[in-house]
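Record features (Swiss-Prot):
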| type | residues | note |
| --- | --- | --- |
| TRANSMEM | 8-28 | transmembrane segment |
| TRANSMEM | 38-58 | transmembrane segment |
| TRANSMEM | 71-91 | transmembrane segment |
| BINDING | Gly78, Thr81 | Na(+) binding site |
| TRANSMEM | 103-123 | transmembrane segment |
Amino acid sequence: MISVGQQIIFISSGAALGALSRWGLGLLLNPLFSAFSLGTLVANYLGCLIIGVFLAFFWQYPQCSAEWRLFFVTGFLGSLTTFSTFSAEVIENLIQQKWLAGLMLASGHLLGCLLFTALGVFIWRYWQ
């Protein structure tokens, strides 16, 4: 078992790369469509694709070290996009045939995120 300090280093290292990747995608792709945040969409889609690959890999090779999981999944993908983690949790429930849990999780995240985003906009406008 690795220490908490080592875990923090693995997560932080991955997170730095994920954040820089997301920022770079925004710089590269957002100017292509001024009314649409293409960099964010690509970051979310790419993060979901990558987390799917890593989940399948870790399922097949459960002996893979916790350090790699912390670096890639928690750090890099968590920083690149939180949508990938949400997608992984829903898919894990569905693969395990926990249909209701998967549906509730998907609905809760989607509706909750939309509602909290709207609430944030409302709060900002109210306090202006």
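Keep in mind that glycine also has a Cβ here, set from the backbone N, Cα and C atoms.
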Secondary-structure category, per DSSP, in which Gly78 (Na(+) binding site) falls: helix
Packing count at Thr81 (Na(+) binding site) (other Cβ atoms within 10 Å of its Cβ): 25
Beyond the flanks of the transmembrane segment (38-58) by at least 6 residues, Cβ under 8 Å: 21-22, 25-30, 32, 64, 69, 72-73, 77, 80-81, 83-85, 87-88, 91-92
